[in-house]
Amino acid sequence: MAFNLTHQLGALAGTPIKSGEMTAPSAESSLSVSPPSARMPISMNMNYTSNRNVSPPMSPVLGSRRADLSVACKAFAVETVEEQRTYKEGGIGGEKEKGGVPVFVMMPLDSVTMGNTVNRRKAMRASLQALKSAGVEGIMIDVWWGLVEREAPGAYNWGGYNELLEMAKKVGLKVQAVMSFHQCGGNVGDSVTIPLPQWVVEEVDKDPDLAYTDQWGRRNHEYISLGADTLPVLKGRTPVQCYSDFMRAFRDNFKHLLGDTIVEIQVGMGPAGELRYPSYPEQDGTWRFPGIGAFQCYDKYSLSSLKAAAEAYGKPEWGGTGPTDAGHYNNWPEDTQFFKKEDGGWNTEYGEFFLTWYSQMLLDHGERILSSAKSIFQDTGVKISVKVAGIHWHYGTRSHAPELTAGYYNTRFRDGYLPIAQMLARHNAIFNFTCIEMRDHEQPQDALCAPEKLVNQVALATLAAEVPLAGENALPRYDDYAHEQILKASALSFDQNSEGENREMCAFTYLRMNPELFKADNWGKFVGFVKKMGEGRDSDRCREEVEREAEHFVHVTQPLVQEAAVALTH
């Protein structure tokens, strides 16, 4: 899945592997990796079943496994060892017996090829075993609409997903499956391109207004405009019907894995799989960090909704267009009349009308898809989640312009995340949030970035709405400093809210499995991080004891680390 933040991210995707001993099944490799009425209890440890037994680290039995692991070393620079650990967790939706946040790892972008086969099978198999050995709970896999239903409406090819999910089951890893209804390609980290299904692209070519559109007429093809959600514009089906049929076909094909291996379905809601408008598109350099972005409501279907809303409000003159003084993608708030702090249009009656409509359209989009997802996956034992973007730049301003253009009506005077959390709570869904690893002082201060304050606000909103919170890092970080921030954030400790003292994130997904992760130093830090996350905030074991265990695990993998180093330098 694509991630934002141009200035920070670099390459998020799995770097193409150079190994003379490995042959990919297809040159067109592809896969991305990057979340109705009952409310959830406040406890956040509710989603994942695990039956892992805690046992002391063992020396590696390299023997017959060494050959396979050697392949992984050469392909991914992976070091691993046979070691099994367990956390005693309750059933899905139940309480865990002890604290701790299970760690999932995003899979590489090219894990499944465009030919619907698993890429680099031997390396993949060994790498999954390495993750399991390190105490990782599971993996996150994007299941691409544009890959599975590429050829024709209703013709689903699960190909490589069948094999990959069986691999995960055999190793004992859980799976977060992402229903990816967006395009891969065009954002930072998208090292492969997976367009929407060909037959969908054909319909968009016939009717360009099916694409999100800005005020200058620029079309965005990452995701079908939510303005067309309920219109039969895709070969007789509505976009929401297409998403529903896809999820139903996934359920039927993988019913034997649901609730056991597949423990979570993250439902794609927009670009990069996130519930938002494509307000900061990086393709062709349209947007650069820390620009404010631009509103995306100028397709004819969205404008029709705006016109109706304005007439119902009694101000039909407001229904012809969105704000015309909101600047351009790369402006800063004070460059514009609409977003500036003093007398800005955002803080007028018109601004309140427009932003309420714009954000409500996004919430309604989420409601429609979640209602369908809940009915499809009920009684299967899986949790449903939705991913929300961590838009932290210009957070310190009054208008929060980048959040507004993305559809989050969050300003200094209004909480824009509580309505999202309440919507998710109505559907018993998990609130998945990014930028968990970031600290305020690491970001450009002139852009008033505040990721820590943003995460704090979101966590409090999920507490108020009684909805579980899960997290992801927004960029690849392998240093202890970032790990410590994730540990702190996942504990959800807030001085101003004693009610949240026993809460933790329900899960954390680590970006991502790639060669960098398996380098000796990074791998050592990662193993220690996973162990600390598993200990939980209320662990009675001292930090030094946990770190000693991690160091021992890393020590016994040294033969494979050295072998990998030799292989990578020749």
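Glycine residues also receive a Cβ, built from the backbone N, Cα and C atoms like all the rest.
For Glu274, the entry in TrEMBL reads active site, proton donor. Contacts of Glu274 (active site, proton donor) defined by a Cβ separation under 8 A and a same-chain sequence distance of 6+ are given as Lys387, Val388, Ala389, in order along the sequence.
What TrEMBL records for Glu472 is active site, proton acceptor.
The substrate binding site annotation in TrEMBL covers Asp142, His182, Asp190, Lys387, His392, Thr434, Asn473, Ala474, Arg512.
Look at TrEMBL and you will find 16-38 tagged as region 'Disordered'.
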Rounded inter-Cα distance in Å - His392 (substrate binding site), Glu472 (active site, proton acceptor): 14
Count the other Cβ atoms sitting within 10 Å of the Cβ of Glu472 (active site, proton acceptor), across every protein chain shown. 26
